[in-house]
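Swiss-Prot annotations:
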SIGNAL    1-50  signal peptide
CARBOHYD  69  N-linked glycosylation site
DISULFID  82-135  disulfide bond
BINDING   95, 206, 214, 216  Ca(2+) 1 binding site
DISULFID  165-249  disulfide bond
BINDING   177, 228, 229, 231, 301  Ca(2+) 2 binding site
DISULFID  191-244  disulfide bond
DISULFID  196-207  disulfide bond
């Protein structure tokens with residue numbers, strides 16, 4: 001009886017050792033195969049990235065035929081597009097799936113699904129303060145509103161250029177502009193800006209520094225104002241501080257990944273006459289006003305022509321169109 005039990009135990013022990021040996025052998029073989037396959041994949045992936053101009057070219061016809069480089073990337077496959085529109089557009093369209101519809105239409109123009117972002121703003125003031133120009137290409141739709149031409153024109157100057165801005169303390173200091181690129185930018189729900197130029201003795205020129213009613217008004221009840229005064233002359237300023245803020249800004253140059261489409265209006269607003277706009281390349285265009293669906297269809301149709309006058313940025317910016325320095 002005891003002999004049978006010992007034999008059974010010995011059998012299971014030998015079986016366990018044998019199975020363990022087989023498993024270890026299989027593991028070594030699998031490791032060898034996996035390492036080999038991984039090595040081959042790495043080598044092939046490196047070789048496949050080379051400029052293989054002759055791969056899959058037919059030899060049946062004339063070799064003078066021009067063939068496109070098969071490794072060339074599509075223009076927009078790795079680009080992002082931000083489309084900014086007023087709240088009025090969404091309200092009028094009144095369709096919960098309208099963005100999905102437009103995304104599919106942009107796909108027909110070479111913009112992959114997920115590369116186009118739709119950003120809503122309520123008014124010019126909100127957009128000028130915090131535009132969030134994140135994308136490689138940024139297209140802003142602004143509906144022309146009679147009486148707001150100046151705000152729209154100055155918004156265009158603001159977002160089509162990069163600015164470096166400092167806070168201004170007009171209660172303590174006088175300020176002067178040092179050149180054509182130096183402007184004072186005020187924004188708020190209602191901005192009225194008055195200035196009093198000063199002579200070398202800090203006396204008012206045509207105004208009294210102690211009486212703001214004698215100051216010259218350079219902006220009156222505007223949401224956004226880019227103030228330009230005589231260079232190299234000190235000025236005392238008066239601003240409606242409760243509804244407006246003002247900054248001392250220098251124009252650094254064009255923001256070439258931004259374009260503006262004016263919706264409606266008899267004439268396109270032109271900011272290229274400004275001597276500080278350099279180079280004199282206008283990234284503003286106009287479409288007729290009918291319905292917002294018609295506007296978006298037009299944008300989709302011409303989006304690739306629009307981005308041709310723009311330059312893709314290698315980095316995204318969220319600087320409210322300015323850089324703040326304190």
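The backbone N, Cα and C atoms fix where each Cβ goes, and this holds for glycine too.
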*Mind giving me a neighbour count for residue 165 (disulfide bond)? Other Cβ atoms within 10 Å of its Cβ, every protein chain shown.*
21
*Listed binding-site residues are 95, 206, 214, 216, 228, 231; which of them have CA atoms within 10 A of the CA of residue 196 (disulfide bond)?*
206, 214, 216
_For residue 135 (disulfide bond), the one of 214, 216, 229, 301 that lies nearest, given that the binding-site residues are compared by Cα_ = 301
*Which chain-mates of residue 95 (Ca(2+) 1 binding site) that are at least 6 residues away have a CB under 8 A from its CB, listed by sequence?*
101
_Neighbourhood of residue 191 (disulfide bond) by C-beta distance under 8 A, where only residues 6 or more apart in the same chain count_ = 219, 221, 222, 223, 224, 225, 239, 240, 243, 244, 246
*Rounded to the nearest angstrom, how far is the Cα of residue 177 (Ca(2+) 2 binding site) from the Cα of residue 249 (disulfide bond)?*
9
*Out of 82, 177, 207, 229, which of these recorded positions is nearest residue 216 (Ca(2+) 1 binding site) by C-alpha distance?*
207
